[in-house]
């Protein structure tokens with residue numbers, strides 16, 4: 001069985017085809033980074049218009065890459081939320097229309113479930129149960145996962161997500177959009193320990209996060225110490241270390257509270273090398289395992305939507321003729337498969 005996946009929740013147009021026997025057959029991705037760079041962030045209207053231009057050509061390219069035709073597709077999966085409402089509507093409308101025209105089921109997919117399941121695309125996928133750290137520009141959550149759709153929210157950010165804090169702090173440091181990866185690159189040139197940032201909410205019980213204060217702390221540190229190149233690198237290092245340590249401390253608590261031995265990391269920030277190294281070291285000490293997707297599947301992509309669509313289709317999930325999206329959609333509301 002082959003599923004076409006369509007991802008248009010924000011500023012990447014991702015199209016992929018997944019076969020339940022052969023695996024990933026095609027993966028096409030277009031990033032709008034250059035389109036939004038001059039504005040310092042994603043402009044929703046521009047994102048929607050660009051998805052309109054790119055979605056159908058990328059579907060054609062994916063079919064060509066897989067050497068398939070429309071008649072070879074058994075279902076169409078699309079991101080139905082959460083995300084930017086206009087961007088979501090583009091993918092949902094195209095996906096639902098193609099499913100109707102091709103007389104195949106349409107499958108609405110939760111964007112964060114796509115991220116959560118992305119490590120399943122690797123050669124060594126995790127078994128259930130596990131703790132999932134979903135860490136991206138819009139979300140920072142710890143989830144207890146005991147099966148498909150069996151998700152319990154353990155903790156989440158009460159203000160900025162980790163990825164959002166990375167981007168905002170990068171802007172304070174004079175870095176271009178998207179700033180997160182550029183901040184990490186700058187941090188690699190920084191001196192550890194010159195500046196010490198707080199580890200928010202680690203001095204109290206619980207698994208919630210707070211990252212907005214780190215941005216303020218960074219702004220004050222820049223104002224007090226100047227902004228020569230080395231100082232900026234040292235501040236970037238201190239900021240990244242604070243975020244990584246905070247995530248690691250909370251992951252450790254989540255593992256202790258659940259008793260699970262496996263940790264899955266997903267979302268755009270999961271591509272951060274420092275975070276990967278620290279969590280791998282922690283799990284080795286705990287005699288556990290850590291899993292994550294390859295870097296190109298950490299950010300938004302169609303492959304994770306095609307795979308999640310396959311999983312949901314086998315569980316009997318399909319959409320009616322209407323086009324419905326949910327810009328806000330708690331992961332815990334998904335039914336068990």
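The chain as shown is numbered from 1 upward.
Every residue gets a Cβ built from N, Cα and C, even glycine.
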Of the candidates 159, 160, 167, the one that Swiss-Prot places in the substrate site of 134, 135, 136, 137, 138, 180, 272: 167
Site co-member for Fe cation according to Swiss-Prot, given 111, 115, out of 300, 320: 300
When distances run from the Cα of residue 180 (substrate binding site) to each of the binding-site residues 111, 115, 300, the nearest one: 300
Additional residues surrounding Fe cation, by Cβ distance to the 111, 115, 300 centre under 8 Å: 7, 9, 79, 112, 114, 136, 267, 301, 304, 305
Distance from residue 300 (Fe cation binding site) back to residue 136 (substrate binding site), taken between C-alpha atoms, in Å: 10
Proximal but sequence-remote residues of the same chain as residue 167 (substrate binding site) (Cβ under 8 Å, at least 6 apart): 41, 137, 177, 178, 179, 180
Distance from residue 135 (substrate binding site) back to residue 300 (Fe cation binding site), taken between C-alpha atoms, in Å: 12
